[in-house]
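In what follows, a single structure is set out as structure tokens and then discussed.
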Amino acid sequence: MTQFVKPYNDDPFVGNLATPITTSSFTRTLLSNLPAYRAGLSPLLRGLEIGMTHGYFLVGPFYKLGPLRNSEVALLAGVFSALGLIIIMAACLAIYGVVSFNTNDGGEQLQSAKGWRQFTSGWLVGSIGGASFAYILIANVSFLQTGSSLLK
């Protein structure tokens, strides 16, 4: 048992954060396929994809847990609440880009002012699109359920 658990590089004062979970090929593949880490994506497409998921998942909590959840306008209020939060978050992303990146930096990388502006623009468009898509799905859920029963 003493050979199994031993200090990293035989030095008890050096730590290592590698675990069987973090070093597995499954975890590495899963993380490398996320849009934040995927190689070859432009900042605009990266922001668009990340924004779509955020917009899509923001509608549900506002719709089901918002103060108007038991009224007829719950879905509309949930969508407008999600859109309001999306605009606030896009403003925060823009402010972060202004204070974090030098305007002299060039290139299409995400760590430049131009790249961050593209990311923010893509995120805003994607999140509004994701919230709109969630609204369309929830508003037509009864139609979708009757359509699926016809296929059986």
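Heads up, the Cβ atoms here are built off N, Cα and C, so glycines get one too.
The average per-residue pLDDT of the prediction over the topological domain 'Stromal' (1-72) is 85, rounded to a whole number. The annotation topological domain 'Stromal' is assigned in Swiss-Prot to 1-72 (among others).
Per Swiss-Prot, the feature topological domain 'Lumenal' maps to 94-123. Taken residue by residue, the topological domain 'Lumenal' (94-123) breaks down under DSSP into 18 helix, 0 strand, 12 coil.
According to Swiss-Prot, the topological domain 'Stromal' annotation covers 145-152 (among others), on the basis of sequence analysis.
Swiss-Prot lists 73-93 (among others) with the feature transmembrane segment.
Residues or ranges marked as transmembrane segment in Swiss-Prot: 124-144 (among others).
Among residues of the same chain six or more beyond the topological domain 'Lumenal' (94-123), those with a C-beta under 8 A of the stretch's C-beta atoms are 42-51, 54. Counting residues per DSSP class in helix, strand and coil order gives 34 helix, 0 strand, 38 coil for the topological domain 'Stromal' (1-72).
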